[in-house]
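**Student:** Okay, here's the structure, questions in a sec.
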Amino acid sequence: MVQGKIKTENIVAALIFFFLFICPLFIDSYSVLNISYFLSMAFLSLSLTLIWGYCGIFSFGQAVFFGIGGYFYAVLTLNLTGTSAITPLGLLLGVILGGLAAWILGYFMFYGGVNDVFVGLITLCLTLVLSTFMGQTAGSAWNIGQVSLGGFNGINGIPALELGPISLSGNNFYYFVLIILFVIYCLLKLFTHSKVGAAIVAIRENRERTKMFGYNVPKIQSLVFAAGGALASLSGILYATWGNYITPSAFALSSATIPVVLVAAGGRKNFTASIIFTVLYYWFAQGLSASGSQYALVILGLILILVTLFVPDGIIVFLFHLSDRLFFHRESKMKEVQEEHLHEKNIG
Amino acid sequence: MSLSSLMNQFINDFSFLILAAIGLAVIFGMMKIINLAHGEFIMLGAYITTLSAQAGVPLIISIVFGAIGVGIMGYLIDRLIICRLYGRTLDSVVVTWGISMVIQQGMLIIFGPSLQGVSTPLGSVSFAGSTYSVYRILLFAISIGALFLLYLIFMKTKFGLYSRATMQNQEIARSMGVNTNRIYSMTFSIGAAFAGLTGGLYAPTMAISPTFGTGFLMQSFVTVIVGGANPLIGTSLSGGVLGIVNSILDTTWGTFFGEIGLLICAILVIRLLPLGFSGVVEKWFVRKRRM
Amino acid sequence: MKKTSVENSTNKKAILELKGVGKYFGGLRAVDNINLSVKKGDLHCLIGPNGAGKSTIFKMIMGVYKPTSGSILFENNAITNKRTWDRVKLGLSIKMQIPGVYGDLTAYENMKIAAQNFYKRREMNNKIMELFDLLEITNLKSKIVNNLSHGQQQWLEIGMALACKPKMLLLDEPAAGLGPEETNYTSDLIRKLNDKGLTILFIDHDMDFVKNIAKSATVLHLGNKFAEGTVDEIASNQKVIDIYLGK
Amino acid sequence: MKLKKISFKGVTLFLIFTLIMVLALSGCSGSSQGSNSKTIKLGLLEDRSGDFSLVGIQKYHAAELAVDQINQQGGLLGKKVVLDAPDTQSNNSVYQQMAKKLILQDHVVAIMGAYSSASREAIRPIMDQNKMLYFYNNQYEGGVADNDTFLTGAVPEQQIVPLMKYMIKKFGPRVYTIAADYNFGQISAQWVQQSVKQDGGKLVGQEFIPLDVSQFSSTISRIKAAKPDVLVTLLIGQNQSAFYEQWAKQGDKSIPMASSVNLAQTYEQLRFAPPTMANMYVTTSFMQELDTKYPGAKTFVDAFYKKFPHDKYVGQEAEAEYSGIMLWAKAVQKAKTTDRDAVIKALESGISYNGPTGPVTIDPKTHHVIRNMFLVNTDSKQKIQIDAEYKAVKPDWLSTAKGVDLPKKPQSHQYTPLGN
C-alpha cells in the first residue's frame, strides 16, 4: 500500500531473505533444490499480486504466460543446444515474449472496455484453449524444429540455465533464483512508491475517476498486465529449467486457479505476504503429499476456506497487522484496513 | 455429414450444455458467485442417484433424490460458508475452490475411486437409418423442462419476484422487507439442486468416480459466460447457439475442434458483448418498451 | 489564451460549445439536441429537475459517454472523439457528483495522484501545498480520506480537480449534502476560483445557491434546453418558475 | 464484523495453522530418519488420489502385499524392506517433486511406479540424471530403451499384435480406432495401424479424443457411418470410460470391441451394468478372473483380498507391480547387495521368477519382460471367457526392429513404430 510502511513486514522480509541467503550452508542439497522450486513459483504469485492486488485486474490467465514462457524456452533451447549463451538468451526472450503476449491480450481487453470479473473469465477461457490445444499435440505433426511438443506428456530434457561456464544447478540455481527474486521484490516495492505505482492503485480504487485525472487507464492497465505476464513467464521458465520439463498441465484449470488462491489467502495487496504464503503453501502441500496421507487435499481445502472466511485480507497480512499492533502500537492501521475491506464489499 | 446425425448431435450437445450450466448460471446470475465447486455438486448428485438406484429405488426417484440431496447440501454449505461471502465475488472463487477439494477428496476417501454404475435405461429407437438412445431424447426434453421450471420458479412465484428484486437492487429489496439472506440461501440451494439433478441425469451414461464433475466444468463455464447474468434467457440462448456451433464443428472436424470452437466463441462473446446474450436481449427489451 | 486582453464584455469567446448534442439510451432520450456555449471566464450553471440530463451532459463533456449525435468543441477544437484523459490534458477537469476520491489513501496521496500527471516532481509538492492552503484544508493532509467528512471530501476533490491544471472546471452538485456553513464556504471558494479567471460550469438544484454565485444559467427539462440567460433573467422567467422553481 | 471477533478467530486459526505445519514437518523429518542399516528403503510413486487413483490404489496395495511377503520370508539380505510411498495425486509435477525427494532426501535404493505414460516420462529423466534404478510396472505403448529403467508390464508386441491378428481373422478386415489423445493413445494407434496393414486389414477410421471429453455422440455416429468390423478402443481415465455406456445405447453392439487397456486394468466389466461391456476382446498379462483356471493367479488374488478385503479389483497393473518388486527382490538376493550396478547386472542376467500366471523373465537386451499373455472376451453377461493363451511372448520389437541391446549400447530413448 502506498501509505506508510508496515514495520513487521519489512523486518520479516529482511529476516527471510537473510535466512534464505545463508540457509544452503546448513541444509541438505535436496532441501536447497526444493526451496528453489518454491521460490520459482513465488514469481507467479508476485505477478498476480502486481496485477490483481495493486491494479485490480483479476486474472485467471497467469498460467497462460507461465506456460508460454516454459514452452518457448524449451523449444528454443532444445533446437539450439550446443550454442553457448543460448540459455540466458532463451530466458530473456521468453520473459519478453510473455510480456508481449500479455500486452497484446491486455490491449485487446482493456481498450475494448473488458474489465473486472470478465477479465477473469476471458483469461480462464484462454487458459483452457491452450491446455486443450497443447494436450492434443502428441502426434508427429506437432514438431517445431527438432522439438516435438509431445502433447499431454510435454517436453522433456529441457536444458538447465548456463551462465558462461557455470551451469546453474543445485546451489548455483538456488542463488540465481534467490537473487532475481530479491531484485524483483525490491524493484516492485520501489515501483509501488513511484508515480505509476500511485496511478495503478488509483486505477484499482476507481477506474473511471482516474481517467478524469488525465490518466490513460487502458494503456497503464495493459502495461501492468504485460509486466505481470513477463513475471509469470519468468516463473514458467525457471520451473521448466528446475524440472527440465514442461507439460500442458501448466495450463490446466488447477494451475490457473492456484495462484489466485495463494495470493488471495496470503494477502493480495502485499508482495511480501504472497511470497511467504506461496512458499509455505508449496512446502506444506509437498509435506502432505510426501506423507502419502489421503487427507492432504481435504486439509488444504479446509485451510483455504477458513482463511478466506476469517481473515479476508489474507492470513499473512493479518499476522503483519497483528504484530504491528502488538509491538508497534499502531491501533489505527487495523481499523483502516477494516474500513478498506468494507469499502471493497461495496464496490466488489 | 447427414442432417440427421447433425440433428442427433445437436440434441445431445444442447441438453448437455444446458444441464451442465443451469445450476452454475442460477448461482452466478443471481448471486454473482463463481462456484468452482459446481463440478463436485454434479458429482454428488451422480453418487446419490447411483447409490439409491443400487439400493433398489427406481431410477427416476433416485434422480429426484440426487437433486434434493444436493439442494439440501447446498443450503447447508450456504448457511455455513457462502453466506459470509455475499457480494465478494473473488473471495468466493477461493472458498469454492477449497470446497471442491474437500468434497472430491472426501468422496474418494469414503467411496473409493469408483462406483459401479447403473446402465442407461430405455433402450434405443431407429429413425431415418440411425439409432437414437431414447434416454438421450428424454434428456433433451428434460433440459427444456428444466428451463421451464426455472421460468416458473423465478417468474411465477413470490420467491422468484423477491429474488429478482434482490438481484436488481439488494438495498431496496431489503428496505422493502425482503429477507435477502434467505433469498440468497434459497437461490444457492436451487442452483445446487439443479447441479444435483444434472449429476443424477448423467449418472447412468457415464463412469461414476470422484472426478465425475470435471467433465462438465468447461462446458458449464463457457455456457454461463456466453449467456450472461440472466440464468433463464442467457442459458437457453447460449445453449442453443453453442449447441449449434459445437455440433457443426464436432461432426465435421472432430471432438477437438468442437471443444476449441466453444472456447473461442466464449472469448469472442466476452470481448464483443461483455454482458453476454442476456445483456443484449435485455437491452433490446428495454429499448422496445421505451420506444 | 492569446486574446484575453481584447475581450469584449458582450461577445466573449466561447471556451466550450455543444452543438446539437444528443444522447439516447436505447429508446430513452436522456439529452436531446442541446446547444450550449460557455464563455471564457464565465461561471455558468446547469439547472433542472432530476432526469433533466445534466449529469449526462457532464459525462459527454468528459468523454465518459459518446454523444449519439452532435459535436463538442473545446477552445474551438472538436473533442467529440477524444478519450477522457486527452480532454483532461487539454484543460477540462471535473468534480463528480458522488465524491470521486480514493478512500483508502491519505488526502496528500489523493492530491499527488491528481497532480503528478501535470507537475514535475519538484514543483508538485509546492503546488499541492498551495492548493491545500487555498482550500484551507492543510490540516487534513495526512488523514485517510474515508475518515473525512462529506464536505471535506468534496473540497479535497475540488482540489484534485484543480491539480490537473484546468482551464475549465466542471462541478457536479458542489453543495449537495452540505450544511449551511459548508455551503457558504463552498460558494466563496467557487467565486474565488472564478475571480482568478477559471471558467466554471456547475450543476445544482438549489436556486438560492445558484443565484448566489452563478453569472449565467441554462435550464434543462426532460433532456431539452428550456431557458437560458443570466441568473436574474432565469429567476424571473415565469415559465421556469412554473415548471421548476414554482415552489 | 467486529474487530474483536476477527482477531480472536484469527489467532485461533493461526494456532491451528502452526500446529498443522509443525505436525507436517515432524512427519517429514520422521520419515527421513527411518533409514538405517537394518532396513532397505524402496520408493513407490503411485496415484492414490485424482483421476488415475482407480488403478493407482490397486498398484499401491499390490506393492504393499509384495513387500509384506518378502519381509515374511525374512526380508532381503537379512534386512527388512520398507516402502516409502508418497501420494502423487495424478499430477505430473508432484511426480517430479516426489521422485527428487525419494532420491535425494530419502535415499531409496530403487523406485517403482508411475501409471500414465506422461508421469513415467516426467520422472524418467530424473532417474537417469541421478543414476537411480527404476521399474515401470505398467502395460504401456512400448519403445522405451533406457539402461536405468526396467519395464515389467505388457507391451504392444505382446498385446496389440496378437489381438489384431485374432480380431481381423475372426471378424473381418475393417478396423476403426478411437484413442486417447496423448502419447499412449497416439503410439498405440500407430501399432494398431501397423498390425492392420500386416494382417491384410484396412483402417477405416482413426480418431483421437482429448482426455477431458466425456460425451461421445459425434464419435459414435462417425464410427457407425464407417461400418467397421472391429472397433479398437484405447481410452484412458474416468471421463473417457463413459464411452462404453453411450456406445451401448447409441452405437452398434454387434461390432466387437478390442482393447489393450480396458477390463484388465480398470475393470469396466464390474463397474458398468451388463451388457455395456459385452463383446469386448482384450489381451492381457493378468486379470483377477484368471484365477478360475490358473492356481498361481488364485493364490495371488486370495492373498490380495485377504490383506485388502474392501478392494474392488486386482488387475493387470497390480500384478505387474507385484512382479516388478519380486523380480527386483530376486535380483538383490542374487547380487547380494542393493547397489544399483550390481542389481542391474543381476537383472540383465535374464533373471526369472514364477509369477501368478507363469514365469516372468527379464529380456536383457530391452529391459522388458517375457511373459505369458491371455486373450479374453466378455459374453453378454460381461463374464470373462479365455479364448487363447500365448506362452512366453517376447518383447523383441526393440531388439529386432530397432537394434536395441542395452548392455552393449547404453541409451535412453523412446522409439515409436512410425517415427524413429
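Glycine too: its Cβ is placed from the backbone N, Cα and C atoms.
What TrEMBL lists as transmembrane segment is A:12-39, A:51-76, A:88-111, A:117-134, A:173-192, A:213-239, A:245-264, A:271-289, A:295-320.
Show me how these features fit into the structure around them.
**Tutor:** Here the transmembrane segment (A:213-239) has Cβ contacts under 8 Å with residues 37, 40-44, 46-48, 50-51, 54-55, 57, 59, 62-73, 90-91, 94-103, 105-107, 110-111, 177, 180, 184, 196, 199-200, 202-203, 207, 246, 250 of the same chain, all six or more residues outside its ends.
Same-chain residues lying 6 or more positions outside the transmembrane segment (A:245-264) and placing a CB less than 8 Å from one of its CB atoms are 44-45, 47-49, 52-53, 58, 60-64, 66-67, 70-71, 74, 123-124, 127-128, 130-131, 134-135, 150-158, 236, 239, 274, 277-278, 281, 304, 308, 314.
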**Student:** Flag the pair the transmembrane segment (A:12-39) / the transmembrane segment (A:88-111) as in contact if three or more Cβ pairs fall under 8 Å (sequence separation 6 or more).
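**Tutor:** They do not touch: fewer than three Cβ pairs between the two stretches lie under 8 Å.
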**Student:** Would the transmembrane segment (A:295-320) count as touching the transmembrane segment (A:51-76), i.e. at least 3 C-beta pairs under 8 angstroms with sequence separation of 6+?
**Tutor:** no
**Student:** In the same chain, who gets a Cβ under 8 Å from the transmembrane segment (A:117-134) while lying at least 6 residues past its ends?
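**Tutor:** Distal contacts: 57-61, 63-64, 67, 71, 105, 109, 149, 151, 248-249, 251-253, 255-256.
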**Student:** Determine which residues of the chain contact the transmembrane segment (A:295-320) at the Cβ level, with the cut-off under 8 Å and only residues 6 or more beyond its ends counted.
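**Tutor:** Cβ under 8 Å, 6 or more out: 6, 8-9, 12, 261, 263-270, 272-274, 276-277, 284-285, 288-289, 337, 341.
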